[in-house]
Amino acid sequence: MSNNRTCPTGSFSYTIKSGDTLYKLAITYNTTVEAIMAINPGINPNNLQIGQRICIPGSVTPPPQRCPSGTFAYTIKSGDTLYMLAIKYNTTVEAIMAVNPGINPNNLQIGQVICIPGATPPPKQCPTGTFAYTIKSGDTLYMLAITYNTTVEAIIAVNPGINPNNLQIGQVICIPRGTTPPPPTCPIGTFAYTIKAGDTIYSIAMTYNTTVDAILAVNPGLNPNNLQIGQVICIPRGITPPPPTCPVGTFAYTIKAGDTIYSIAMTYNTTVDAILAVNPGLNPNNLQIGQVICIPRGTTPPPCPPCNGVYYAVRPGDTLYSIAAMFNISVATLIAANPGVDPNNLRVGQLICIPKVEPPPVTCPGGTIYEVRPNDNLATILLRFNISVMDLMSANPNVNWDSLTPGQRICIMPHKDMGCPCPTGTKKYTIVQGDIPSSGAAVVALAQKFNISVSALMMMNPNLTPADFVVGKMICVPA
């Protein structure tokens, strides 16, 4: 679908964002999936593209959710479940479903508005010596026990029925009040370290100039594959490491956040295979921040294969569909210009050839060739040459009038009055004196009177020219 398309009257243009689905948009804008698909012929509801523009029936502002007496409206957020909402607002899953007929508890959509029975629940009553805590994203009982100087067993004991493996965001639990913990005892020659988000034993070893084996040796029983945020471990004090030894013709490189073997190869003018060859045993799918690898020194790159157009460097999130739409060409044309490119495996920085698409020659026997100017559209061309929609479209059957480009050549044929019945959804109307403004731009004034665009009015009257809109003329208008 063209990113420059004009949406029909009674709808508005919407740009797809991350996470959008037709179901969510239908809920948000009080319409249906079927209605959205009906005014977007050819749309694939299972393959919406970020940045793709579609038409939504109705108005831009979604109507507020009306909830029955004794309930209130709630907007679904990331991570919400009906169970969590029932716990948070002191109700039940069944009660929520009863006031939201048709809701799918297994497919809540971010931004979806539902009704919740009751009002804000009273604060959770916790036994003496404990306090209430609301579960947040990423919480575990182990982390909470470490943070509040207690134990997992003690937390479970004051929360009968809690499932430690299924904590819900917004769930309120009771935490025993801890005492001042003794400082962690680490052997001489080591120091205490508190695990942070994203830590691995390897990254910690690289940061503190030690080894994974040395860390495991001073932390017996430590599971390196299950580190917990807030967990305290002991780190051996490192010594100055010898500089990494790389073969002649290569140099040492330290992995940074976001690096991939492909991006490094592109940066240093080498290849993935060449990097792997000088780093035996390297796992290209598991690079670690701080890891040191060897990079072959690049040579002058071979010239890019010929491209009858321009090269485009792939950016994060790009697909062949989005690139083709960006340059207003078909996916088939893009694939034909890039033999050997895997459309399912585009890499950031990869060069894609955008072919120069030559339009078919325009023939115009008996008429005039016109080159489209900036800001031209269907209405401006009809007004400029005083011709009808039928004149223009019959002479240019392959032109997309929603996406004209400056320099595009079209055929302008003399007007032929052939008569045309009013299309479905319109009615006949006879122009009266009051419809004609002093400026004489009748077609513009009539479009404003019936709250439609000039292009839409001309499409309803495909055989009329702008000059045909005179007093006494019978035209077609919205029903």
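Positions of Cβ are set from backbone N, Cα and C atoms, glycine also.
Note that this is a predicted model, so its numbers are computed, not measured.
Sequence annotations record features per position, and here TrEMBL assigns domain 'LysM' to 12-56 (among others).
Feature annotation from TrEMBL assigns domain 'LysM' to 72-116 (among others). Residues in the domain 'LysM' (72-116) partition by DSSP class (helix H, G, I; strand E, B; coil) as 13 helix, 8 strand, 24 coil.
Residue counts for the domain 'LysM' (131-175) under DSSP (helix as H, G, I; strand as E, B; rest coil) come to 13 helix, 8 strand, 24 coil. Residues annotated as domain 'LysM' in TrEMBL: 131-175 (among others).
The domain 'LysM' annotation in TrEMBL covers 191-235 (among others). In the predicted model, the domain 'LysM' (191-235) shows an average pLDDT of 83.
Taken from TrEMBL, the feature domain 'LysM' covers 251-295 (among others).
Among the features that TrEMBL reports, domain 'LysM' is placed at 310-354 (among others).
The domain 'LysM' annotation in TrEMBL covers 368-412 (among others). The domain 'LysM' (368-412): residue composition by secondary structure is 15 helix, 8 strand, 22 coil, according to DSSP.
As annotated by TrEMBL, domain 'LysM' applies to 427-477 (among others).
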Subject >> Leading stretch by Cβ pairs under 8 Å, where the reference is the domain 'LysM' (427-477) and the options are 131-175, 191-235, 368-412 >> reply: 368-412
Original post:
DSSP helix, strand and coil counts for the domain 'LysM' (310-354)?
Top reply: 13 helix, 8 strand, 24 coil
Original post:
Per DSSP, how many helix, strand and coil residues does the domain 'LysM' (427-477) have?
Top reply: 21 helix, 8 strand, 22 coil
